[in-house]
Amino acid sequence: MKIMYPSLGEIATSPLVKHEVLFIMRIVSFLFHMVVVILGIYTRKFFFFIQLTNLTNILSFLYSIFALISSYQFTMPKFYETTTLTKVYLRQKPSLVAYITQQLQRLSTTMHFVVTFVFWPFVWPTANKDHGMVDIVYFVSAHGLTLAMLLIEGFVSKVQYNWSNLILCYTYGIVYCIFGICVFEFTGYDIYTFFDLRVKSSIFILIGILPFIAAMNGFVILLQKLRDFVIVELVNSKSSKDKVTKRVSKKTKVREEKSYPENSF
């Protein structure tokens with residue numbers, strides 16, 4: 001099966017905002033994600049690299065990096081020759097960076113929904129809060145504001161979400177489950193205190209992860225449908241208004257020429 005790479009134009013432009021605005025949004029997103037990762041390492045120490053809720057922030061940080069690179073390559077003229085044709089070609093040809101950005105955006109958005117809904121009811125009550133307010137800032141940023149930023153960026157972007165995205169999400173989830181089981185079997189360490197394979201309820205949680213991921217992916221697709229509806233309505237409305245304005249302007253001009261023929265010369 002041949003992989004179809006999107007172009008930089010598909011990833012670095014938006015139907016709702018100018019590409020320069022999207023570029024600025026991605027700079028802010030990158031800086032925000034970087035701060036979240038730094039806070040996570042500072043407060044969680046090495047646990048940051050073994051907990052799914054934290055690893056997903058690394059995933060979205062990677063997305064913010066590639067998204068910024070895509071927008072930078074599209075926006076900055078020094079990447080191109082001086083000729084307009086070359087610039088257009090490079091912006092429209094298939095791009096590996098654009099493809100990686102697309103896949104990371106799809107994966108990180110769905111998985112952030114999953115970990116956010118898992119974190120607050122299950123992880124938050126027993127989470128380490130030794131750093132006081134710093135921990136609170138990290139939790140709210142990592143499992144709330146980050147998701148909000150991903151949703152905003154997803155809403156203004158052209159990336160399409162579909163059910164094939166589940167392959168990526170399931171692979172990510174299954175690999176982590178295998179990793180967590182191996183850590184427990186070889187070290188006896190429970191990555192999450194609420195999850196213990198010796199307890200029947202934990203088995204049900206493990207079984208329920210895959211359908212829950214599917215449900216969250218479906219929710220993301222619904223949000224995309226809403227975005228597409230809004231875009232179509234805005235574009236159609238603006239297009240209709242422009243046509244009406246041109247038609248009225250043309251009729252007015254014709255009337256003026258008929259009323260004052262001397263002005264038409």
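Including glycine, each Cβ sits where the backbone N, Cα and C put it.
What TrEMBL says about a protein is an automatic prediction, not a curated fact.
Under the heading compositional bias 'Basic and acidic residues', TrEMBL lists 254-265. As annotated by TrEMBL, region 'Disordered' applies to 240-265. The transmembrane segment annotation in TrEMBL covers 21-42, 48-69, 107-124, 136-156, 168-189, 201-223.
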Top Cβ-contact partner of the transmembrane segment (21-42) among 48-69, 107-124, 136-156, 168-189, 201-223 (pairs under 8 Å): 48-69
Intrachain neighbours beyond the transmembrane segment (201-223), with Cβ under 8 angstroms and 6 or more residues off its ends: 109-111, 113-114, 117, 151, 154-155, 161-163, 165-166, 169-170, 173, 177, 194-195
Residues of the parent chain within Cβ reach of the transmembrane segment (168-189), under 8 Å, 6 or more residues beyond its termini: 50, 52, 55, 59, 103, 106-107, 110-111, 114, 195, 197, 206, 209-210, 213, 217
